[in-house]
Amino acid sequence: MTDPRYTWLPSNLQPDDANPPWMNKGDNAWQLTAATMVGLQSIPGLVILYGSIVKKKWAVNSAFMALYAFAAVLVCWVGWGYQMSFGHRLLPFLGRIDDALDQHVLLKQAFGYKFPNATMLYFQFVFAAITLILIAGALLGRMNFIAWMLFVPLWLTFSYTIGAFSIWCPDGWLAKMGLIDYSGGFVIHLSSGVAGFTAAYWVGPRATRDRERFPPNNILLMLAGAGLLWMGWTGFNGGDPYMASIDASLAVLNTHICAATSLLTWLLLDILFFEKPSVIGATQGMITGLVCITPAAGVVQGWAAIIMGVLSGSIPWFTMMVLHKKIRLLKAVDDTMAVFHTHAVAGILGGLLTGFFANPKLSRLFYLVDTWQHYIGLAYGFHTGRVGAGFKQMGIQILGVVFIIGLNVVVTSLICLLIRLVVPLRMSEEELNGGDDAVHGEEAYALWGDGEKFERSVHNSVYGVEDVELKGKRKGESAV
């Protein structure tokens, strides 16, 4: 029934039981759309990217690690993860353990935003899911799948929730200090880069021949996955004002400016030093640009996004192409997708540059609070005479970096050591040599020349070979 106080509104805007007065239909629609775009970054985006950028024998396993993580995170998220990340405060860095399955929770207004908790839960779920999938990138080609099945819920529970509550929940200790993380440079990218590298240390390396030669099995499909990742970042950063605002528009544009600039910078460096324009290199540059702009997307000017793109296309390139070969620890740890460089290094870079370039007027559009003493980049501190506030913001950003690194090194190590007591972290030598067929009994491609081996698989069809033969015998026909 329509509330008589709102009868003057057009019929499509009048509130009712399904559209309460506090809800804005446009904001809710945009938030659901943005969440779905982020979800598409994972499935099918990273499923395709992982499945095609690895050696053919690991295509199924790599894609399946991503698919499993997406499903497992959702069940954990509604069961306890969301409330631990965004619920009532238990500790300065953690919310109370509770589920988010009842309508009395899901249909309430989410914080002060103009949409329900159900929308917020969905939006934050896809961020949690992609974080675990990014960690998987460091572990492709050798992690025991059962160990991965245990790792996902444990890491979500004991690491992700702490970072998310501390930085994004209004009651979190870093949020109260004024840390700027627009859309996950700390919570998602720095966390996944450090956790992936740490887990890779404990899991151990791929088989020697895989480390020596690991060619992509389909570069065109890799580009398709990368394209979904890039375009999906429109929702990744554009959804974080939690409204269809002018700041959301700025965040989307800055995201693509930085990504394009970073891609071109990485490409030019590849041509300059290796004399070949690498498609894989350009994809890495695209990713580092997207990661770098994420903590700053809606609080920096367009010219700052270009500078951040140049730096994100060059500094991670340098750490990956030069320092990686000189630093013993980086050489020793087998980080399959170079997640440390593309997410940890680029995430640190973005977090610090946010502390330098954050514009107080744009910060006010995002946070909707007075920014006289908070959210002021160091550059604008010098420009406006608030140098102390600028240095304070840089100090808070550095503190956030140290906290996220320490949290993920310690918690990820403890989780890996715990899992190792139950199941091996690394596959057996037989599985490492056999790849997908040995691990899953399935292979990615039924190509001429591979056909005979593929046809012997029990998973040759949806029925399985044995079932097909049985049906043929019942009909008195050949099963061939």
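Glycine is treated like the rest: Cβ placed from N, Cα and C.
Pulled from TrEMBL:
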- 29-51: transmembrane segment (TRANSMEM)
- 29-445: domain 'Ammonium transporter AmtB-like' (DOMAIN)
- 63-82: transmembrane segment (TRANSMEM)
- 121-140: transmembrane segment (TRANSMEM)
- 147-168: transmembrane segment (TRANSMEM)
- 180-203: transmembrane segment (TRANSMEM)
- 215-233: transmembrane segment (TRANSMEM)
- 253-274: transmembrane segment (TRANSMEM)
- 286-318: transmembrane segment (TRANSMEM)
- 338-358: transmembrane segment (TRANSMEM)
- 394-419: transmembrane segment (TRANSMEM)
Intrachain residues whose Cβ lies under 8 Å of the transmembrane segment (29-51), provided they are six or more past its termini: 59-60, 62-63, 65-67, 70, 115, 119-120, 122-123, 125-127, 129-130, 133-134, 136-137, 140, 221-222, 224-226, 228-229, 231-236, 238-239, 242-244, 248, 337, 444
Taking contact to mean three or more C-beta pairs under 8 angstroms, with sequence separation of 6 or more, is the transmembrane segment (63-82) in contact with the transmembrane segment (147-168)? yes
In the same chain, residues at least 6 away from the ends of the transmembrane segment (338-358) whose Cβ sits under 8 Å of its Cβ atoms read 134-135, 137-138, 180-182, 185-186, 189-190, 192-194, 196-197, 284, 287-289, 291-296, 299-301, 304, 307-308, 311-312, 315-316, 319-320, 324, 330, 375-380, 393-394, 396-398, 400-401
Under 8 Å, at least three CB pairs between the transmembrane segment (286-318) and the transmembrane segment (253-274) (pairs 6 or more apart)? yes
Sequence-distant residues near the transmembrane segment (253-274) by C-beta distance (under 8 Å, 6 or more away from its ends) are 230, 233-234, 236-238, 281-286, 288-290, 292-294, 296-298, 300, 302, 305-306, 308-310, 312-314, 317, 321
Hey, which bits of the same chain come close to the transmembrane segment (121-140), Cβ under 8 Å, at least six residues off its ends? 31-32, 34-36, 38-39, 41-42, 46, 50, 54, 58, 61-62, 65-66, 69-70, 72-74, 77-78, 81-82, 85-86, 100, 106, 148, 152, 155-156, 160, 164, 184, 187-189, 191-193, 195-197, 199-200, 203, 236, 239, 335-337, 339-340, 343
